[in-house]
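A.B. asks: Mind having a look at this structure? Questions to follow.
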Amino acid sequence: MGRSRHHNKLKEGIFEAEITALSHDGRGIAKVDGKTTFIPFTLPGEVVKFEYTFTKAKFDEAKVVEYVKKSSNRVNPPCEHFQICGGCSLQHMSTDAQIEHKQQTLINQLKYIGNGVEPENILPPLRTSNTEGYRNKARLGVRYVSKKGKILVGFRERNGRFLADIDKCIVLNPLVGDKITEISSFIETLSIYQHIAQLEIAIDDTRPAMIVRHLEPFTNEDLEKLRSFAQQNNYWIYLQSKGPDTIFRLYPQGDVEPKKLSYQPAAGIDIGFEPNDFTQVNNDINKKMIKRAIELLDISENDSIIDLFCGLGNFTLPISQHAKTVIGVEGEPTMVKRAKETADNNNITNVNFYAANLFESFEDKEWFNNFEYNKMLLDPPRAGAQEVCNNIEKFNVKRIVYVSCDTATLARDAGILVNNKDYKLISAGVMDMFPHTMHVESIAVFEKI
């Protein structure tokens, strides 16, 4: 016998509520008769009239009908596509208020997820001089929409189902962000325009690179068009037909100089990278972040430092200019290979790089057993560094600088270090790597008691 399914009925009418907080994705939160209601484009302290758009057992969703009381932190969004495009979530909030909110989120999560952890000092936030045009890495969806009769290029809409119809992106580097319409119009000229799925963008200190993910082969005429487009716009164009191992550079062809994209994390160091390598999205904040990490490590010429989750050596190589020795450990072997090449190309001789899965036991590894360190830098992915923190006493480091792209996992790991491993949290703060979004980069300093 089939079981009847109960459907919650949507409340009809106009209702009023005060916004008390922001959700993880930037929507306002109101409590209505004890039930959580998510209302986009609202800010804490605002009173709004709203109508329901969706209901479930544990929460409701709604849209604003009228702002009864507006927050002093409200500003006019600088982008005309803000209410539709899901690329940004906080453009209606002043940049000062964005930073304050992110800083408070870090403090709250350290306390609640970290089981009572509180930093002795709050670091002043690292700010960027330009909150627009900062983004040098992005994956842009590509889709032909027959109803619109055109190719869309950009981020998903807020509901996540479709691509947003945009003509520019103000947070992308203008070398790409100002050319969305030009790029989409160009794709329409290709024979397989309906079979291009994605553009992966990476911009170094001088030029943009674009990986074109295609599901059908290009014709020779298409390839000539791609080369011509790349030449006219000073782009490097790569093609990808399947997995990452199928990526190759279409333009420029041959043995050219420079051979790779590159950026300078610190004076005197050039890091070469491929467009699908992980690099930080915001060059300005990245340089400031590296400088702050070096200051917080309080490096002397006799220090031996280990950099875990080191990637291409973004921190490792600048740190090597100040320390006696530095060891970088990274889970992706190809990035380790490139980090070694970069050290050689920059004539840096006091670093070594190793490949290892840092989410598994590492007690049998050469880099763990054959070296001694007194300080550590951690820069893990969103999953955090739980395995490292659970075994931190085996490293016997007196100071840890932890850089995080996820405040929740930083808070969890801080709880391990402070509550279980005899470290104290000296200081913590945020760095505005991602203006106008809910994402934030954080940094924390732990010291052995």
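Heads up, the Cβ atoms here are built off N, Cα and C, so glycines get one too.
The following feature annotations were taken from Swiss-Prot:
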type	residues	note
DOMAIN	1-66	domain 'TRAM'
BINDING	Cys79, Cys85, Cys88, Cys169	[4Fe-4S] cluster binding site
BINDING	Gln280, Phe309, Asn314, Glu330, Asn357, Asp379	S-adenosyl-L-methionine binding site
ACT_SITE	Cys405	active site, nucleophile
A.B. asks: Consider the binding-site residues Cys79, Cys85, Cys88, Cys169 and say which one has the Cα lying nearest the Cα of Glu330 (S-adenosyl-L-methionine binding site).
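C.D. replies: Closest by Cα distance to Glu330 (S-adenosyl-L-methionine binding site) among the binding-site residues Cys79, Cys85, Cys88, Cys169: Cys88.
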A.B. asks: Write down the Cα-Cα distance for Gln280 (S-adenosyl-L-methionine binding site) and Cys88 ([4Fe-4S] cluster binding site), rounded and given in Å.
C.D. replies: 17
A.B. asks: Of the recorded positions Cys79, Cys85, Cys169, Cys405, which one sits closest to Gln280 (S-adenosyl-L-methionine binding site) when you measure Cα to Cα?
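C.D. replies: Answer for the nearest of the recorded positions: Cys405.
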A.B. asks: Using the Cβ centroid of Cys79, Cys85, Cys88, Cys169 as the reference point for the [4Fe-4S] cluster site, which residues of the same chain not in that list have Cβ within 8 Å?
C.D. replies: His81, Phe82, Gly87, Gln91, Phe155, Ala164, Ile166, Ile170, Val171, His436
A.B. asks: Using CB atoms and a 10 A radius, I'd like the single residue among the recorded positions Cys79, Cys85, Cys88, Cys169, Cys405 with the highest neighbour count.
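C.D. replies: Answer returned by the neighbour count: Cys169.
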A.B. asks: Can you figure out which of Cys85, Cys169, Phe309, Asn314 (the binding-site residues) comes closest in space to the residue listed as 'active site, nucleophile', comparing Cα atoms?
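C.D. replies: If we rank Cys85, Cys169, Phe309, Asn314 by Cα distance to the residue listed as 'active site, nucleophile', first place goes to Phe309.
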A.B. asks: As a test of the contact definition, list every same-chain residue at least 6 positions from Asp379 (S-adenosyl-L-methionine binding site) whose Cβ is closer than 8 Å to its Cβ.
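C.D. replies: Those within reach of Asp379 (S-adenosyl-L-methionine binding site), by Cβ under 8 Å and sequence separation of 6 or more, are Asp307, Leu308, Phe309, Cys310, Gly311, Asn314, Phe315, Tyr402, Val403, Ser404.
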A.B. asks: Find, for the listed binding-site residues Gln280, Asn314, Asn357, the residue with the lowest Cβ contact count at a 10 Å cut-off, counting only other Cβ atoms.
C.D. replies: Asn357
A.B. asks: Cα of Cys85 ([4Fe-4S] cluster binding site) to Cα of Asn357 (S-adenosyl-L-methionine binding site): how many Å, rounded?
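C.D. replies: Distance (Cα to Cα, whole Å): 36 Å.
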A.B. asks: Quick one: of Phe309, Glu330, which of the binding-site residues has the smallest count of other CB atoms within 10 A?
C.D. replies: Phe309
A.B. asks: Between Cys169 ([4Fe-4S] cluster binding site) and Asn357 (S-adenosyl-L-methionine binding site), what C-alpha distance do you get in Å?
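C.D. replies: Distance (Cα to Cα, whole Å): 37 Å.
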A.B. asks: Please list, for the domain 'TRAM' (1-66), how many residues fall into helix, strand and coil according to DSSP.
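C.D. replies: Across the domain 'TRAM' (1-66), the residues distribute as 0 helix, 33 strand, 33 coil.
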